[in-house]
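Asks: Pulled these from TrEMBL:
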type: DOMAIN; residues: 24-279; note: domain 'G-protein coupled receptors family 1 profile'
type: TRANSMEM; residues: 6-32; note: transmembrane segment
type: TRANSMEM; residues: 44-73; note: transmembrane segment
type: TRANSMEM; residues: 123-147; note: transmembrane segment
type: TRANSMEM; residues: 167-186; note: transmembrane segment
type: TRANSMEM; residues: 217-241; note: transmembrane segment
type: TRANSMEM; residues: 253-272; note: transmembrane segment
Amino acid sequence: MASIATILGITDWCFNFLGILIFLLIFIIIIIKCRRKLHDISLVLTLNSCIASIFTCLTICIMICSNLTTGFLTFDHKFCIFWGLLHDEFTCAIYYSYCLHGIYRLCRVVFYKNKVLLVYSLYIKLIFCQWLLTILILLPPVFLNWYTKISTENYCLVPYTNLVAETYHIIVIYLIPLICIAIIYIRITTFIRNSSHVSLFILEKRQRHRNMRDLTVLKRIIILMLILTSLRLPATVFMIYDTIIGHLYPYTFSIVGLITSICLIFVALLTIHITPQLRKNIFIFHNRRNNQINVQVIPQPDLPMNTPIETIQ
């Protein structure tokens, strides 16, 4: 009979694989179906978030495989640390990629007159800077030797018993992006409230409509960020528990990993919901399938021969 850890691991792997499939679907739709709109900044930002999510799910899947099999990630300690770092880098990239979404909405609503802030090339540079930032802010844990093989698992991460390291991770990976998004949301909300008293000659009706739409999208991004942040709640609980007890609960990382994979699936579905181009293409594909008529050749029954009508003379 399979152990609880094995069941949790297999379930976690399945959820992560499902997450990869959904994010790959988003990636394919953007690249193939929306390729003519790839100069749409919002689509490029969505693609950036999608890539970070795919690699996050992929690194988790490989870590689970190592845990369920021979522990191949632990054969080389340096590679084990590198893979744990990759996992955190991609996870961090997801959060900061949604900060870029918020910055873009802020520029569209508040600084819409400054066209320099709405240039496509600027956001390509910002995406590059975002990835560079995620690499730099997670290098200190490597130099401080915070990454190590988890005693209950066959891979390397920062253990929850290291209170200083986990606090650093929570602040850098989760709190900073969430605070940035919250500040952007407050700034946009304040601007829209103030602009409601402005004459239509100053602020065009079309711009107002776009502002409200951007605010709605930003609200959904905040919901998405809260979903991502909620996955740290069990980690925080286990961190406090492990610190008090002095050792890791045997299923700590299995439970946290399972919650993480479920949250990523919700993120993928919400990404489709908040991106009009994705919704439109999926809707068109769904309608085409429903409207396909399977033409079947129905054999016609033989008609009876017309018998000649005899005339009575």
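Glycine residues also receive a Cβ, built from the backbone N, Cα and C atoms like all the rest.
Bear in mind that TrEMBL entries carry predicted annotations, made automatically and left uncurated.
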Asks: Need a quick answer: max count of Cβ pairs under 8 Å to the transmembrane segment (253-272), which of 6-32, 44-73, 167-186 is it?
Replies: 6-32
Asks: Could you tell me what the rest of the chain brings near the transmembrane segment (44-73), counting residues at least six beyond its ends with Cβ under 8 Å?
Replies: 6, 9-10, 12-13, 16-17, 19-20, 23-24, 26-27, 30-31, 38, 79-80, 83, 86-87, 90-91, 93-94, 97-98, 100-101, 104, 120, 123-124, 127, 130, 153-156, 257, 260-261, 264, 267-268, 271, 275, 278
